[in-house]
Amino acid sequence: MASREVVHYETPITKALRWFSVAFIIVYLIWTLLPILVMFASSFKDLLEAFKIPAVGDWAGIGVFFEFTPTLKHYNDLFANLNFSSYILNSLVAAGGSAVISVVLGSMAAYSLSRISFKGKNDLFFWIISTRMAPAVAVMVPLYSIFRSLDLVGTLPGLILAYTTFNLPFAIWILKGFFDNVPYAIEEAQMVDGATRPQALMAILPLVAPGIGAFIVLCILFAWNDFLFAAIIGSGGAKTLPVATRELVQPQNIQWGSIMAAGVVTTVPMMLLGLVIRKYLVTGLTMGAVKE
Amino acid sequence: MTDTVLSDQSIPGQSQGLFRVRQITDNVEARPVPSIATEPKLNPPASRAYFFGLMAPAIALLACISLYPFCWLIYMSLHDVEIGSAVWNNFENFTKLASDSRYLNGWWLLIQYSVMCLALQIGIGVFLAVALNGARFEKILVTTLLMPMMMAPIVAGLVWYFLYNGTFGWYHWLLQSVGILGPKSILASTGTALIGIVIVDVWQWTPLITLITLAGLKRVPQDQLEANMVDGASQVRNFFAITLPNLYPVLVIAVMLRFMDNFRFIDSVLALTGGGPGNATKILPVYLFEVSFKFFKLGRGAAIALTLLVVTIILGMILVRVFDRQQTRKA
């Protein structure tokens with residue numbers, strides 16, 4: 001970092017720009033938070049109140065948004081009548097299962113890929129990453145017909161496997177970057193002291209543990225938020241939260257209150273998890289290409 | 001490596017031939033080495049086996065769930081696949097694509113959709129990052145901005161579907177009050193539906209561009225900025241002359257990632273319009289979804305999927321190349 005004493009001269013242009021950026025940030029914040037706010041508020045509103053909006057052009061009428069008596073009936077409905085607790089369980093098992101499988105197998109593979117070189121390693125790598133980047137719908141066409149012949153459609157193991165198609169390559173790719181940052185010298189020192197290779201690996205695990213934990217969370221997030229795989233592969237026996245939420249939209253009767261409540265139930269855990277792994281988020285979402 | 005203790009060496013600086021000094025070298029390498037010791041190998045066969053063994057389960061699993069389906073995809077694309085049967089049909093799946101107007105339209109819409117999304121996301125995202133960089137409350141603000149990205153795309157789509165609704169949608173009310181839109185919802189007319197789904201994508205994923213740009217901004221060399229300023233450049237000039245070129249590699253990555261995600265995810269489109277009205281938002285993945293899982297023409301679907309896959313893989317190759325260049329530059 002160079003010296004901080006460089007004088008910034010305020011010209012009218014920079015001043016205007018500064019004010020403009022502050023205004024821009026405020027407007028952007030409102031626009032980014034408003035849908036989330038509407039979702040939360042509507043989930044606590046009676047339907048009649050949720051549908052109340054002012055007349056066109058009546059700016060003073062915005063206040064009606066805040067005029068409501070909070071009710072928990074939509075949440076009650078979700079769990080009492082719509083069986084959402086079992087969908088939550090399905091989501092948890094599918095997302096958690098695939099995340100654990102992916103990260104455990106993925107870190108083993110990433111570790112060894114980071115430690116040895118062999119012919120065709122780059123090709124192997126490209127194959128791994130391209131698996132991750134393939135469009136979900138395109139992957140699903142053959143996967144669906146294979147899974148159907150194996151009777152895996154509509155089961156949780158099938159869904160876990162389906163999620164692993166995108167989580168495993170992600171885990172390998174991103175964890176390799178992590179292991180690359182751990183010097184081989186540490187293991188060498190361990191082995192000189194008489195440790196076997198597995199023991200040496202155990203010795204460096206604490207160094208990568210936070211990252212591994214964060215990427216388990218990220219894998220859970222990807223799987224939890226998925227709709228396509230769950231809708232096709234999980235249809236029937238393994239309905240997850242996003243699919244169940246979508247099913248509340250029926251041609252004649254869109255149950256908006258329940259949809260909003262289900263949206264909150266689906267979203268809030270992931271927002272919290274996102275905060276927990278905030279530090280790794282950029283690395284994770286850019287496949288390790290950008291580090292904060 | 002020599003195995004002699006004493007060696008003849010000429011002392012640098014002295015002319016050769018006049019004196020030859022016998023010098024006792026003191027470095028460790030020159031000491032006699034026991035004859036049994038050989039060069040240590042970095043990867044003796046045993047350890048290679050160990051590493052390959054560690055790698056095997058993941059690679060095997062990945063092969064089962066990606067390589068095998070890929071071969072199956074090729075097989076399917078060449079056959080007329082019904083439930084439980086497949087009949088060879090002489091590349092008909094592919095030849096038909098050329099005259100399938102919805103397929104071609106799907107590509108065109110996908111390109112339009114991606115370009116619109118990217119232009120808006122990059123424009124807003126970069127400006128936001130520059131405005132936020134070093135601002136007060138930067139951390140809290142950025143964390144708040146992250147929230148839409150954590151939302152399941154399908155839920156985001158449903159919430160926006162609510163906001164766009166022609167009778168009780170707040171966003172619709174806003175657009176109407178400002179005078180941009182008539183009483184018809186943005187999703188209901190063919191002319192504006194695509195813009196409607198672009199807005200949702202921009203809402204959800206602009207923060208990612210902002211985050212990436214912020215990470216890039218932190219790496220812009222301060223001394224260059226200062227040197228330029230000493231030379232009399234204004235802040236605006238500084239931004240275009242130094243900050244932006246430094247951001248370029250990060251932005252390329254951001255663009256590629258978003259571009260591929262637009263190919264990958266159609267959740268919010270399915271929630272918002274399902275491809276309609278008419279075919280106005282039937283971008284290629286949505287069309288593929290419809291062909292395969294609504295009409296269950298899996299053979300045709302496979303052919304479409306294959307073309308989509310090939311394009312994505314090419315994009316991926318470019319992306320990986322950019323990654324590598326980035327890595328070597330850092331090293």
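Placement of Cβ uses the backbone N, Cα and C atoms for every residue, glycine included.
Annotation comment: TrEMBL describes B:49-75 (among others) as transmembrane segment.
Long-range Cβ contacts of the transmembrane segment (B:107-133) within its own chain (Cβ-Cβ under 8 Å, at least 6 residues beyond either end) map to 141-142, 145, 194-195, 197-198, 201-202, 205-214, 217-218, 239, 243, 247, 251, 254-255, 258-259, 262-263, 279-285. According to TrEMBL, the feature transmembrane segment maps to B:107-133 (among others).
Taken from TrEMBL, the feature domain 'ABC transmembrane type-1' covers B:107-319.
Annotation comment: TrEMBL describes B:140-163 (among others) as transmembrane segment.
Sequence-distant contacts of the transmembrane segment (B:193-217), counting only residues of its own chain at least 6 positions beyond either end whose CB sits under 8 Å from a CB of the stretch, comprise 109, 112-113, 116-117, 120-122, 124-126, 128-130, 132-133, 142, 145-146, 148-149, 151, 153, 156-157, 160, 164, 186-187, 243, 246-247, 249-251, 253-254, 257-258, 261-262, 268-269, 272-273, 276-277, 280-281. Under the heading transmembrane segment, TrEMBL lists B:193-217 (among others).
Taken from TrEMBL, the feature transmembrane segment covers B:238-260 (among others). Tertiary neighbourhood of the transmembrane segment (B:238-260): same-chain residues 114, 117-118, 121-122, 125-126, 130, 205, 208-209, 212-213, 215-217, 219-221, 224-225, 228-229, 312, 315-316, 318-319, 322-323, 325-326, 329, selected by CB-CB distance under 8 Å and a gap of 6+ residues from either end.
Annotation comment: TrEMBL describes B:302-323 (among others) as transmembrane segment. Taking Cβ pairs closer than 8 Å, the transmembrane segment (B:302-323) reaches residues 73-74, 76-77, 81, 93-94, 97, 103, 249, 252-253, 256-257, 259-260, 263-264, 284-285, 287-288, 291-292 in its own chain, all 6 or more past its ends.
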